[in-house]
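*Asks:* Straight out of TrEMBL:
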type: BINDING; residues: Gly83, Ala85, Val86, Asn90, Ser327, Asn359, Leu424, Asp427, Ser428; note: Na(+) binding site
type: DISULFID; residues: Cys188-Cys197; note: disulfide bond
type: TRANSMEM; residues: 77-95; note: transmembrane segment
type: TRANSMEM; residues: 107-128; note: transmembrane segment
type: TRANSMEM; residues: 149-176; note: transmembrane segment
type: TRANSMEM; residues: 241-259; note: transmembrane segment
type: TRANSMEM; residues: 271-291; note: transmembrane segment
type: TRANSMEM; residues: 324-341; note: transmembrane segment
type: TRANSMEM; residues: 353-378; note: transmembrane segment
type: TRANSMEM; residues: 398-424; note: transmembrane segment
type: TRANSMEM; residues: 453-478; note: transmembrane segment
type: TRANSMEM; residues: 484-507; note: transmembrane segment
type: TRANSMEM; residues: 528-546; note: transmembrane segment
type: TRANSMEM; residues: 566-587; note: transmembrane segment
Amino acid sequence: LLFKMNIQVMPEHKLSSVAPMKQCNVEKKEVELILVKDQNGVQYTNSSIIPTNGSRVGPPGSSSEDNRETWGKKIDFLLSVIGFAVDLANVWRFPYLCYKNGGGAFLIPYILFLFIAGMPLFYMELALGQYNREGAATVWKICPVFKGVGYTVILIALYVGFYYNVIIAWSLHYLFSSMTTELPWLRCGNSWNSVNCTEFNGSLPENGTSYAKYKHTPAAEYYERGVLNLHESSGIEDLGWPRWQLVLCLVVVVFILYFSLWKGVKSSGKVVYITATMPYVVLFVLLIRGITLDGSMKGIKQYLSIDFNRLSDPEVWIDAATQIFYSLGAGFGVLIAFASYNKFDNNCYRDALLTSTVNCVTSFFSGFAIFSVLGYMAKKHGVEVKDVATEGPGLVFVIYPEAISTLLGSTFWAIVFFIMLLTLGIDSAMGGMEAVLTGLSDDFKILKRNRKLFTFATAFGTFLVALLCITNGGIYVVTLLDEYAAGTSILFGVLIEAIGVSWFYGVDRFSEDIERMMGFKPGLYWRLCWKYVSPAFLLFVVIASAVKRPPLRYDNYVFPEWANQIGWGVAMSSMLMVPFYAIYKFFSLPGTFRERIAYCITPEHEHHMVAEGKVRQFRLRHWLAI
């Protein structure tokens with residue numbers, strides 16, 4: 001039974017015989033009483049204040065006025081979320097996927113998945129973190145059996161930091177190398193070049209290899225031989241020693257991350273003013289320069305060319321689903337961590353729509369800057385755009401830098417481009433590390449009390465592991481981690497997260513939480529997406545990613561079977577946190593079998609109902625009769 005009463009909440013005033021009592025503002029509030037029928041009759045068991053007329057309260061069991069740090073300004077939060085979501089993949093992956101999968105036709109599945117899954121998951125994580133004001137692990141006080149999901153995403157964010165910081169270090173190395181009158185990857189004849197190094201002027205390799213895949217251009221040899229020193233390694237079993245130049249760059253990256261995060265969101269919220277806005281300035285400048293190049297329109301036309309026949313290929317839909325998921329960055333615990341520092345009544349619904357839209361528009365916009373230059377390269381060598389188009393590191397560390405090296409004022413354009421890569425990477429790396437710091441420090445208070453030391457230990461730990469990625473064969477370790485650390489495991493984690501929120505905690509209760517924060521409930525569209533569409537979407541992507549997975553390789557090098565087994569070990573180490581914690585939680589609780597289940601799926605602020613034997617709870621899941 002549920003009763004609601006309007007009561008007058010008045011501050012205490014002492015009566016005075018000298019002066020009349022002063023007028024005071026009277027605020028009406030509704031008190032929700034949850035009554036549980038017991039064998040001794042009807043007894044009062046729980047109550048909470050429901051906001052009326054726009055008033056806000058905190059979540060049950062917490063004070064609305066807590067000591068948790070909050071963002072200095074609303075713009076700090078928005079820039080942090082945008083900076084995390086807009087990363088290197090927006091530049092080096094989306095434009096190529098769009099071009100490969102039918103140009104403008106690819107936008108149809110991409111936008112579809114954005115609305116039915118991307119935005120709902122983005123909104124869900126922001127609301128979850130903001131309402132509970134906790135990191136990725138302790139936010140599961142709403143349904144304790146799922147706390148292992150929090151540890152899963154924290155572990156994945158840590159794994160990603162091991163190799164993502166290395167990619168930023170490569171960008172920093174290129175930035176330093178660009179500070180010269182002639183860019184080092186313009187010509188052959190350097191100490192790192194092989195005897196096969198060839199400068200192509202209006203011609204192509206004779207062996208039929210596309211220009212983007214040819215390994216003996218000056219730019220390709222600078223990347224693999226001058227920076228990575230890959231020619232000194234025979235495979236992943238032959239890593240060699242770390243490259244001292246990359247070690248220094250990695251040290252700089254780790255120090256930037258440490259001093260950006262050591263004081264929490266008060267410091268990181270200021271750093272993103274530069275790291276989140278700089279890429280847009282640079283992209284605009286590069287676009288203006290790109291469209292002035294001879295052949296640029298050819299590249300842009302190829303980027304936007306519409307081929308609806310490609311939509312009949314299932315791979316196009318799989319690519320769109322995978323890209324929208326990874327592009328928005330749901331599931332890494334970052335959005336939950338960032339939102340947990342918001343004010344309780346912040347409009348996270350508007351934030352979710354704004355930031356997810358900005359992220360996707362940025363991906364589309366970056367394609368113009370990339371393909372205008374690819375069109376120039378194709379015209380310069382007299383080939384089709386497909387012969388110079390590629391994705392990943394090959395695009396941003398080989399093809400694009402080579403194009404820049406042929407321009408007037410190449411040093412300036414190279415510095416500008418690599419500053420963009422550096423800032424794109426830094427704020428995304430900051431987000432990943434903040435997810436780890438917030439998630440663990442909220443769970444272990446001693447870490448919160450020693451924030452600076454914990455931040456240093458985390459940054460130093462990622463540095464030590466990352467040393468494996470800057471050895472002669474380090475690119476093989478980067479490839480392995482990129483494939484397995486945040487592949488199927490992150491999809492699995494978000495799938496379980498969506499099920500936990502929508503089916504165990506319940507969409508109705510989650511909607512009530514949002515109403516407490518913002519004064520309105522999510523519409524039917526959002527509730528249907530959370531409960532049915534988004535879990536189905538995630539299940540589809542999980543299955544597709546597992547079935548589609550080819551043998552791991554880097555260019556022509558095929559990884560040995562034991563390397564794939566290590567990769568699966570890395571992936572399983574995070575995924576197994578979900579069942580392991582559920583088993584631990586169940587067997588560590590007192591009571592009967594049914595009472596333990598009730599403890600596991602009931603929000604912590606209602607655990608007294610189980611402890612007192614009132615197990616026919618008012619809001620117990622309809623599918624579990626206890």
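Cβ atoms are placed via backbone N, Cα and C, with glycine included.
Describe the structural surroundings of these features, if you would.
*Replies:* Residues within less than 8 Å, Cβ to Cβ, of Ser327 (Na(+) binding site) and separated from it by at least 6 positions along the same chain comprise Ala85, Ala89, Asn90, Phe94, Gly118, Asn359, Cys360, Ser363.
Over all protein chains present, the Cβ of Cys197 (disulfide bond) has 19 other Cβ atoms lying within 10 Å.
Nonlocal intrachain contacts for the transmembrane segment (77-95), taken as residues 6+ away from its ends with a CB within less than 8 angstroms of a stretch CB, comprise 71, 126, 167, 265, 268-269, 272-273, 275-277, 279, 303, 323, 326-329, 334-335, 338-339, 341-342, 346, 351, 354-356, 358-359, 362-364, 366-367, 370-371, 391-393, 395-396, 420-421, 424-425, 427-428, 430-432.
Long-range contacts of the transmembrane segment (107-128) within the same chain: residues 81, 98, 139, 142, 311, 316-317, 320-321, 323-325, 327-328, 330-331, 335-336, 338-339, 348-349, 351-353, 355-356, 360, 364, 494, 498, 501, 510, 513-514, 517, 522, 526, 529-530, 533-534, 537-538, each at least 6 residues beyond the stretch ends and with a Cβ under 8 Å from a Cβ of the stretch.
Listed as Cβ neighbours of the transmembrane segment (149-176) (distance under 8 Å, sequence separation of 6 or more from its ends, same chain) are residues 88, 135-140, 227, 245-246, 249-250, 252-254, 257, 331-334, 393, 397, 401, 414-415, 418-419, 421-422, 425-426, 428-429, 432-433, 435-436, 439-440, 443, 458, 462-463, 465-466, 469-470, 474, 477-478, 481-482, 485-486, 489-490, 492-494, 496-497, 500, 570, 573-575, 577-578, 581.
Here the transmembrane segment (241-259) has Cβ contacts under 8 Å with residues 165-166, 168-170, 172-173, 176, 227-229, 267, 426, 429-430, 433, 455-456, 459-460, 462-463, 466-467, 470-472, 474 of the same chain, all six or more residues outside its ends.
Under 8 Å from some Cβ of the transmembrane segment (353-378) lie the Cβ atoms of residues 78, 81-82, 85-86, 90-91, 94-95, 98-99, 107, 110-111, 114, 118-119, 122-123, 211, 279-280, 283, 286-287, 290-291, 293-303, 324, 327-328, 384-385, 387-389, 395, 399-400, 402-404, all in the same chain and six or more residues away from its ends.
With a cut-off of 8 Å between Cβ atoms, the residues of this chain six or more beyond the transmembrane segment (398-424) that come close are 86-88, 90-91, 168, 171-172, 174-175, 178-181, 183, 185-186, 212, 217-220, 223, 274-276, 278-279, 282-283, 285-286, 289, 293, 370, 373-374, 376-377, 380, 388, 390.
Sequence-distant contacts of the transmembrane segment (484-507) (same chain, six or more residues past either end, CB-CB distance under 8 Å): 121, 124, 128, 140, 142-143, 145-146, 149, 152-153, 156, 159-160, 162-163, 325, 330-332, 527, 530-531, 534-535, 538-539, 541-542, 545-546, 549, 567-568, 570-572, 574-575, 578, 601, 603, 619, 621.
Long-range Cβ contacts of the transmembrane segment (528-546) within its own chain (Cβ-Cβ under 8 Å, at least 6 residues beyond either end) map to 113, 116-117, 120-121, 124, 318, 321-322, 325, 487-488, 491-492, 494-495, 498-499, 501-503, 507, 510, 522.
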*Asks:* Near the Cβ of Cys188 (disulfide bond), how many other Cβ atoms are there if near means within 10 Å?
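*Replies:* A count of 18.
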*Asks:* Could you state the whole-number distance in Å separating the C-alpha atoms of Cys197 (disulfide bond) and Ser428 (Na(+) binding site)?
*Replies:* 35
*Asks:* Sorry to bug you, but what's the C-alpha spacing from Cys188 (disulfide bond) to Gly83 (Na(+) binding site), rounded to the closest Å?
*Replies:* 37
*Asks:* With Cys188 (disulfide bond) as the reference Cα, tell me which of the binding-site residues Val86, Leu424, Ser428 is the closest one.
*Replies:* Leu424
*Asks:* Please work out the number of neighbouring Cβ atoms within 10 Å of the Cβ of Leu424 (Na(+) binding site), leaving out its own Cβ.
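*Replies:* I get 30 for this one.
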*Asks:* I'd like the Cβ neighbour count for Gly83 (Na(+) binding site), meaning other Cβ atoms within 10 Å of its Cβ, all protein chains included.
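*Replies:* So the Cβ neighbour count for Gly83 (Na(+) binding site) comes to 27.
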